[in-house]
Amino acid sequence: MKVLEEKILVEGRALNENVLKVDSFINHKVDPKLMHEIGKEFAEHFKDQGITKIVTIESSGIAPALMTAYEMNVPMVILKKQPSKVLNDDLYQTLVSSFTKGTSYELTLSSHQISEADHVLIIDDFLANGEAATGALRLLRKAHATTAGVGALIEKSFQPGREKLEAQGVHVYSLARISRLGKGVIEFVQE
Ligand code: G4P
Ligand code: NA
Ligand code: NA
């Protein structure tokens, strides 16, 4: 997506070979018009697939997921991160480990919000190692829902997230695919 790539080049900052800071339009301050364009792009790509809900992971996935849900005229469900196990019969839970941040959390979904009748699109800001998306897929399987795919704003293609998801038969659609980062260097996959 051209406008997102241009925004990344102008306002993104590569800290090192692994981390891209996008605090001025995604992770801290949020650009609503850009999020709306992103929502329209995901809605167009995933149209006519019978999607009933958009699922995202708190917190940075919420803005683009909401815009996508608005454009597709379906609800958005936010998967919550809880620090420790809260035992509750109505909650599906799965442990997710983050390599980038070196932390782990219980990703949770209430059984009241997603059912076997749902066909879900997962939206998140970054696709890095694919752990968050894989955890989301585990929760959706517990809910007996099906998944249309994973939409990411920024894919770090030099990390294994896409391969991990595709190996599970999941369709991945990323709006900006980064092939290389370095101090002051941001390169996109040539398509
Ligand atoms: P994975 O889900 O693909 O395996 O990613 P990973 O565990 O490596 O990433 C953990 C957190 O770090 C996620 O945010 C993810 O969005 C974020 N992240 C990964 N790579 C980058 C990067 O290059 N730049 C930025 N800005 N963030 C990155 P989170 O902890 O879930 O938090 P939130 O921002 O959604 O609240
Ligand atoms: Na995120
Ligand atoms: Na993030």
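The chain as shown is numbered from 1 upward.
Any Cβ shown, glycine's included, is placed from N, Cα and C.
As recorded in TrEMBL, the features of this protein are as follows:
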BINDING   LEU20, ASN27, LYS156  xanthine binding site
BINDING   ALA128, ASN129, GLY130, GLU131, ALA132  5-phospho-alpha-D-ribose 1-diphosphate binding site
DOMAIN    34-157  domain 'Phosphoribosyltransferase'
Neighbours of ALA128, ASN129, GLY130, GLU131, ALA132 excl. site residues, C-beta within 8 Å of centre, 5-phospho-alpha-D-ribose 1-diphosphate:
SER98, PHE99, THR100, LEU127, ALA133, THR134, GLN159, GLY161, LYS164
Counting across all protein chains shown, how many other Cβ atoms sit within 10 Å of the Cβ of GLU131 (5-phospho-alpha-D-ribose 1-diphosphate binding site)?
19
Would you mind sorting out which of LEU20, ASN27, LYS156 (the binding-site residues) have a C-alpha within 10 A of the one on ALA128 (5-phospho-alpha-D-ribose 1-diphosphate binding site)?
LYS156
Based on DSSP, name the secondary structure state of ASN129 (5-phospho-alpha-D-ribose 1-diphosphate binding site): helix, strand or coil.
coil
Cβ atoms within 10 Å, counted per site: which of LEU20, ALA128, ALA132 has the most, among these binding-site residues?
ALA132
Xanthine site span - longest C-alpha distance across LEU20, ASN27, LYS156, in Å:
16
Between LEU20 (xanthine binding site) and ASN129 (5-phospho-alpha-D-ribose 1-diphosphate binding site), how many Å separate their Cα atoms?
14
Counting only residues 6+ away in sequence within the same chain, which have a CB under 8 Å from the CB of ASN27 (xanthine binding site)?
LYS21, SER60, ASP125
Can you count the other CB atoms that lie within 10 A of the CB of ASN129 (5-phospho-alpha-D-ribose 1-diphosphate binding site)?
17
Can you tell me the mean pLDDT for the domain 'Phosphoribosyltransferase' (34-157)?
95
Name them in sequence order: residues not among LEU20, ASN27, LYS156 whose Cβ is within 8 Å of the mean position of the Cβ atoms defining the xanthine site.
GLY12, VAL19, LYS21, VAL22, ILE26, ASP125, PHE126, ALA128, ILE154, ILE178
